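So that you can see what the record holds, here are the features copied from Swiss-Prot:
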- His22: active site, proton acceptor (ACT_SITE)
- Tyr17, Tyr69, Asn71, Asn117: tRNA binding site (BINDING)
- Asn12: site 'Discriminates between blocked and unblocked aminoacyl-tRNA' (SITE)
- Asp96: site 'Stabilizes the basic form of H active site to accept a proton' (SITE)
Amino acid sequence: MTDTWLIVGLGNPGSEYSNNRHNVGQMVLDELASRMGGKFKVHKARAQVVEGRLGIGGPRVVLAKPMTYMNVSGGPVAGLCNFFDIAPDHVIAVHDEIDIPFNTVKLKMGGGEGGHNGLRDISKALATKDYLRVRVGVGRPPGRMETADYVLRDFATAEKKELPFLLDEAADAVELLMDQGLLAAQQKHHPAKA
């Protein structure tokens, strides 16, 4: 196995979904690609990828946006792991999380998928839940709105003003996770409650 990291931004393909809450993982990857000065190119594993290094002397990374719908992201992720010889413990899935308030980023290794079908499909395709997750909070749906309706809508106007800061924080979390490990990244992004 190589020391290369696979960073996967979960979302749905197509311009009609690009600004949805469900696509916040892919928005974070756009920020990381911008930092690398890279452009996404189509890979045979059914994903758009950018290969390179994050920062001077930083780790070798493959940024990937599956070209499949969110709920069937596992095939492209497993295909990229095989192609680039990347172990599951060097996979970081960046995804929306309704159980975390908007404008909050949390990190974890493994565990349950919390009803997130994209994560469930990745776990199945990798035959393990032991990969890293950067969970980008989008908040819970208001009132009795269905979760699917909520995550497949664009961010609210007030949220759009804060979104660049959230994407920046999530991209920083990905970099810190690779550079200093899970515990250091959690300590920075999971502030202690007073």
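Glycine is treated like the rest: Cβ placed from N, Cα and C.
Annotation for Asn117 (tRNA binding site): same-chain Cβ neighbours under 8 Å, separated by at least 6 residues, are Met70, Asn71.
If you compare Cα positions, Asp96 (site 'Stabilizes the basic form of H active site to accept a proton') sits closest to His22 out of the recorded positions Tyr17, His22, Tyr69.
Under DSSP, Tyr17 (tRNA binding site) is assigned to coil, being neither helix nor strand in the three-state scheme. When the neighbouring Cβ atoms lying within 10 Å are counted for each of the recorded positions (Asn12, Asn71), the highest count belongs to Asn12. Taking Cβ-Cβ distances under 8 Å and a sequence gap of 6 or more within the same chain, the neighbours of His22 (active site, proton acceptor) are Leu10, Gly11, Asn12, Met70, Asp96, Val151, Leu152.
Around the Cβ of Tyr69 (tRNA binding site), a 10 Å sphere holds 16 further Cβ atoms from the protein chains shown. Less than 8 angstroms from the CB of Tyr17 (tRNA binding site) sit Gly11, Asn23, Leu152, each of them six or more residues away in the same chain. In this view, Asp96 (site 'Stabilizes the basic form of H active site to accept a proton') is surrounded by 24 other Cβ atoms within 10 Å of its Cβ, with every protein chain counted. In the three-state DSSP scheme, Asp96 (site 'Stabilizes the basic form of H active site to accept a proton') falls into the strand class.
According to DSSP, Asn117 (tRNA binding site) sits within a helical segment.
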